[in-house]
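Taking it in order: structure first as structure tokens, then the write-up.
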Amino acid sequence: MAAEDPATRRVQVAEHPRLLKLKEMFNSKFGSTPKFYVRAPGRVNIIGEHIDYCGYSVLPMAVEQDMLIAVGPVKTQTLQLANTDPLYPDFSTTANNICIDKTQPLWHNYFLCGFKGIQEHFGLTQLPGMNCLVDGNIPPSSGLSSSSALVCCAGLVTLTVLGMRLSKVELAEICAKSERYIGTEGGGMDQSISFLAEEGTAKLIEFSPLRATDVKLPSGAVFVIANSCVEMNKAATSHFNVRVMECRLAAKVLAKHKGLQWDKVLRLEEVQSELGISLEEMLLVTEDALHAEPYSREEICKCLGISLEELRTQILSPNTQGELTFKLYQRAKHVYSEAARVLQFKQVCEAAPDNAVQLLGELMNQSHRSCRDMYECSCPELDQLVDICRKFGAKGSRLTGAGWGGCTVSLVPADTLSSFLASVHEAYYQGNMSRLAREKHSLFATKPGGGALVFLEA
């Protein structure tokens, strides 16, 4: 496992068109030369959706698209942020007075999350100012983790300016925790793969303690990303945080049903650990203990033996106070079955049978069905795109990322890649002008990329 510090690499900026362009724009904007550059990649989750925050392992890989920041420390305490994309306005604040507005998921707030995470980790009251120019080529709100990549990039920028050191694991944990400043209750997958990724391999990411294991993907097949072009801004919607709460409530009701100390339980994985049984057995417990009809707040209170006031003040998060019903059975069933699929996927990759691509594809298809029917995080466009991808030769296709929009990931035999891309282009993008305009960043094959690092000009 890569537990060491993020790498620092010396580069000839003139030989890298994107770095050179960023350097020139930085100079034009701030009247000085960047001291260093930091990049942090986006990711595609191959399998294991909505289970990291329930305590279960996931199987992502870094994509080649990333966030890239040019940085120039300054002698004042002013933090100045600019973006190469004019859609994202400049922002300036005092480095020692960072305020993050949860109600406004504006681009600079994700930078501030990473900055503040490092500040709080070291207990610093005085921070140096800096000029930063951000350049991202991860499609925003696409489920490829552009926002978390920006948080990670900002964390590594801040650490580098301070001249301090942390391991990749520590950085991932700090950035996962600090993204919650903006109201996103994620589980840590996005930040972990952004730091722990290595070129040429996917990773099984496990939590508590955080660790990453190489997973060699089968030769003869490629992963293709296709963007539905339906944007989903994770922090601006209640869907995601309601699912987090439904999983937490399901864990508590299951724990109470099995006579465990339910009030200490937060995650579905904890119930399985406490009972010491397999995922398959947990699915049977779920069938036995939970019903398919939505639970009202009153019924949850009755199950747990608590008052409505206790439910509101001790369990429900601020952004789920208005919810009247919760689907516990469906969410628990998705989580336990998806966690099992992740382990099966890894086992197939390790055993590498002749029909590995077929087996992995079927696991991806099962995952999408569960996301659509049990977790209800798909949307009509994603379902249509998945169907198109399967129709034109993908062995497996599923939504990736939070869902409710964003991207699909498909497993495609390498020898059919060209015809697959042409067919999907024609069926999903060609007849729709807004999709067609974004297609360059919406349909592409990808291979596992490397993790976050610092560039110094040679």
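Including glycine, each Cβ sits where the backbone N, Cα and C put it.
Here the structure is a predicted model, which means the values were calculated and not measured.
Annotated alpha-D-galactose-binding residues in Swiss-Prot are E49, H50, D52, D190, and among R43, R180 the one listed with them is R43. Cβ neighbour count within 10 Å across all protein chains ranks S145 highest among the binding-site residues S145, S146.
Put simply, R43 (site 'Transition state stabilizer') is 8 Å from G143 (ATP binding site) when counted between their Cα atoms. Listed binding-site residues: E49, D52, D190. The one with the lowest count of other Cβ atoms within 10 Å of its Cβ is D52.
Within 8 Å of the Cβ centroid of the alpha-D-galactose site, not counting the listed residues R43, E49, H50, D52, D190, the chain contributes N45, G48, I51, V58, P60, G186, G187, M189, G401, A402.
Across the recorded positions listed here (R43, H50), the residue whose Cβ sits among the most other Cβ atoms within 10 Å is R43.
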